[in-house]
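Asker: Shown below is the structure under consideration.
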């Protein structure tokens with residue numbers, strides 16, 4: 001089964017073609033990071049306008065490599081995300097579905113990130129615990145044997161990725177904050193400053209990062225003699241400790257020995273280091289997508305679309321964008 005996937009939920013425009021849920025035929029992504037850097041974050045209207053410019057170009061390049069008549073299913077993200085951005089990809093996918101006379105699958109962006117891990121780990125089977133951690137989301141979920149997903153914990157305020165962006169801005173490091181702090185922190189001491197770990201010891205699976213961000217803000221206002229590298233490393237250590245502790249606690253309490261980590265923050269080198277260390281000590285299997293599939297991409301959309309199509313799940317063409325969609 002050949003699936004064409006389209007992703008435009010935020011600031012990446014992406015098109016991919018995937019055969020049988022595993023063989024990559026085409027994988028194109030155009031990032032808008034440089035466009036939004038001067039704003040310090042993603043501007044929704046600007047993102048949508050760039051999708052309108054980039055998507056036709058990517059589809060044209062895709063169909064230079066793939067005969068459109070060989071596509072069996074068209075899939076696109078319909079939420080959650082920025083509504084204007086979502087509508088660009090969703091509308092294009094519906095148009096292709098009509099013109100090619102092929103079925104259409106709407107894909108949940110969060111579910112798509114989970115499917116990214118299957119591309120690199122084809123032997124992974126549910127049930128497993130997954131931490132979805134990105135600029136827009138921080139959620140702990142259980143993936144059931146039928147591939148349905150249950151949210152068992154979520155952030156009550158900022159996402160982890162949002163906290164990275166805001167602290168990077170406080171430190172004058174620029175945007176996007178996640179990869180910049182990751183790199184700067186390698187030159188710092190993660191034990192230099194003791195920042196709070198909100199909700200880490202509470203008997204639930206929810207998160208809160210707003211207080212940690214505020215603690216860094218007050219620290220910077222109070223202290224004058226500090227190294228940016230040490231602050232970045234100490235802040236990152238606090239975030240990673242919270243994510244690791246909550247995720248392994250959920251897996252332990254559910255009696256599940258397999259854990260996946262997905263989303264942009266799953267690319268963080270310190271998170272991967274501490275996860276792998278604990279998994280080795282505690283006897284868990286852990287799974288990450290490759291770095292290229294942690295951020296938004298269309299391969300994960302095509303993979304999620306494949307799974308639904310394989311089960312005969314298709315969507316009507318009146319499906320609308322849902323910026324607040326949940327799993």
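Think of each number as a place in line: the chain as shown, counted from 1.
Placed from the backbone N, Cα and C atoms, the Cβ positions cover glycine too.
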Asker: Which candidate from 146, 165, 277 does Swiss-Prot annotate alongside 132, 133, 134, 135, 136, 178, 182, 268 at the substrate binding site?
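Answerer: According to Swiss-Prot, the candidate sharing the substrate site with 132, 133, 134, 135, 136, 178, 182, 268 is 165.
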Asker: Should any of the binding-site residues 132, 136, 178, 268 have a Cα within 10 Å of the Cα of residue 109 (Fe cation binding site), which are they?
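Answerer: Correct set: empty; none qualify.
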Asker: Quick one: Cα separation, residue 136 (substrate binding site) versus residue 296 (Fe cation binding site), in Å?
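Answerer: With distance taken Cα to Cα, residue 296 (Fe cation binding site) is 11 Å from residue 136 (substrate binding site).
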Asker: Rounded to whole angstrom, what's the largest C-alpha distance between any two of 132, 133, 134, 135, 136, 165, 178, 182, 268, listed as binding substrate?
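Answerer: Farthest-apart Cα atoms in 132, 133, 134, 135, 136, 165, 178, 182, 268 are separated by 18 Å.
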Asker: Determine the Cβ neighbour count for residue 296 (Fe cation binding site): the number of other Cβ atoms within 10 Å of its Cβ.
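Answerer: Counting Cβ neighbours of residue 296 (Fe cation binding site) within 10 Å gives 28.
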Asker: In terms of DSSP three-state secondary structure, what is the assignment for residue 132 (substrate binding site)?
Answerer: strand
Asker: What's the number of neighbouring CB atoms sitting within 10 A of the CB on residue 136 (substrate binding site)?
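Answerer: Result for residue 136 (substrate binding site): 19 neighbouring Cβ atoms inside 10 Å.
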Asker: In terms of DSSP three-state secondary structure, what is the assignment for residue 109 (Fe cation binding site)?
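Answerer: Assignment for residue 109 (Fe cation binding site) reads helix.
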